[in-house]
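*Asks:* One structure, as structure tokens, below. Some questions next.
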């Protein structure tokens, strides 16, 4: 999967970025980046010196060129940030087009009123039919529909949304293609999922991450040290010059140029662009991150917790067969199972109704006509069912639930599961299916097999995660036998069976207490506490509203294997920042040895050449040529690295040691060699053109 644009910078983005480049020259905006603010002040000061000298009739070509190239340095850094913001803003503009004035069909009593979507409040009930735009975020209360979510996800294929289960959430701005659904609004206007997406992808509102703040403080500290060092140079030079009977020629523009070349302007100029582009690259993979911190954490995660239903499996467990107890007719079991599921709006419940109808021709019945009282599923009992009444009295009590819950239920009634059915339950579990038991009164009628379907391609994806050093753990409420079978089929490293929201939360806290960073993928309301606690919580877009609010990332494609791309982008972000920091500091070392010998080469000279000139390995033309060449190189290296900052360095699933050695060789050694070559080439060009 590759959503990278074929055109690296599109024309509209480029035009707006150029305009914003000059807008960012505002001193308040420049002060947010301490290193580049020094360059900004230096450009102002050298410009003032040039015009002051010009006012007194002194024209200095050198001072003019220094001023221009210092301004170019500031502008190139502004341009890098503006381009990164522009690429994210293009996505924002397309989302804003989706947010239009939608007329909602609000249900008031038994009547439908047409009202503007902007007036809807939490709890309002709306009706959406084929061709309608969904007016706001909500949960489907009744019905099933095919929905076009291309305006949000970019995917043209429609998706199914239905009441019950983990596919009940709908997003404002999407379009109903078929059928009719009743929706309860769950978000106020201005706080919808679409509004959140727009706010998140707007680069101007992006907050710096703790790592960015720490790196900015480090770069500021280095800049302060270089500032003190450069300020002391005139005193040192004056002392040495007097001792040798010479004069020191260190003008203020030369000192400012030296300072700008020594401070880490490269990484400082690209730092914001790297962070913004990390979020923008996620957006290209249809993942919305609520913070840059989540992206950074994704690059460092150690353990990935995966919810089974809807994440590893397709999420729609289907009833496959009925297994009656001894002495029970299979058709009777199917009839009772259907009765227990008539009011069950979950996909599993509906599949039981359909299986009974398809296999035995048992037609659906109206529970209200039968005086039926539906018993909804309870997290405490882990059972559901129905009480059938006659003249107000319960005459049939039917229950449906997992093995342990029915086992405990029968135990309270003085009954137990037969050895034959226990064997059936174990067999069903061992092949990765879920056994659901049906009882009537105190009698166990049999077992229904619900089959989980594992999503394709996961095994290979999890193998790639393993190479990255990430351990995968599947979390499920199923019994250990079923969990083990599905875990083996999916290829995860470990599993946690019979999990509850509390055990998920406990598992995450235990791993975090050991110093591990934990990522959690989920889509259900019961996943919300774990998603909120985890360092990286990726909620599926097909999941519930609660899950989407709890996670700090949302996968619009609802593809759990997308975490590999998320991890790669996180690692790319960290590695790109580290690599360019290494390159920038290595540049400073190289420029130090390039400029200082040229400045002080004539000191202690007996003739025209002093002993310090031996350090002038590059044999630069003159003092001014050396300084100007270094300033030009320092400015040009920023736009040269913009593509790398925006795209990120190439990541391969290698060991940390190999990656470190590789990047030190490329960006460390390369960062020292390239300035020598670049500055020398510029020096030769300046000499050839006669500019100095």
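Cβ from N, Cα, C; glycine included.
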*Asks:* In Swiss-Prot, which of the ranges 149-169, 170-190, 191-211, 254-274 has the transmembrane segment annotation?
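*Replies:* The range carrying the transmembrane segment annotation in Swiss-Prot is 254-274.
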*Asks:* Looking at the candidate ranges 108-128, 213-233, 276-296, report the one that Swiss-Prot labels transmembrane segment.
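*Replies:* Of the candidate stretches, Swiss-Prot labels 213-233 as transmembrane segment.
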*Asks:* Would you please say which range out of 64-84, 85-105 has the annotation transmembrane segment in Swiss-Prot?
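*Replies:* Based on what Swiss-Prot states, transmembrane segment spans 64-84.
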*Asks:* Count the CB pairs under 8 A between the transmembrane segment (626-646) and each of 35-55, 64-84, 213-233, 254-274, 672-692, then give me the winner.
*Replies:* 64-84
*Asks:* Would you mind checking how many other C-beta atoms are within 10 angstroms of the C-beta on residue 383 (ATP binding site)?
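*Replies:* Looking across every protein chain shown, the total is 20.
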*Asks:* Want to know which binding-site residues, from 344, 377, 381, 383, 400, are within 10 Å of residue 523 (Mg(2+) binding site) at Cα; which are they?
*Replies:* none
*Asks:* Which of 344, 377, 400, 523, 527 has the fewest nearby Cβ atoms, counting only those within 10 Å, among these binding-site residues?
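*Replies:* It is 377 that, of the binding-site residues 344, 377, 400, 523, 527, has the fewest other Cβ atoms within 10 Å.
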*Asks:* In terms of DSSP three-state secondary structure, what is the assignment for residue 383 (ATP binding site)?
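*Replies:* DSSP call for residue 383 (ATP binding site): strand.
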*Asks:* Need a quick answer: max count of Cβ pairs under 8 Å to the transmembrane segment (213-233), which of 35-55, 64-84, 254-274, 672-692 is it?
*Replies:* 254-274
*Asks:* By the count of other Cβ atoms within 10 Å, pick out the sparsest of the recorded positions 307, 381.
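*Replies:* Comparing Cβ neighbours within 10 Å for the recorded positions 307, 381, 381 has the fewest.
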*Asks:* Apart from its near flanks, which chain residues at least 6 from the ends of the transmembrane segment (35-55) lie with a Cβ under 8 angstroms of it?
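*Replies:* Sequence-distant neighbours of the transmembrane segment (35-55): 25, 27, 63-64, 66-67, 70-71, 73-74, 77, 216, 219-220, 223, 227, 252-253, 256-257, 259-260, 263-265, 268-269.
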*Asks:* Hey, of 307, 344, 377, 383, which of those recorded positions are within 10 Å of residue 527 (Mg(2+) binding site), Cα to Cα?
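*Replies:* So the list reads 307.
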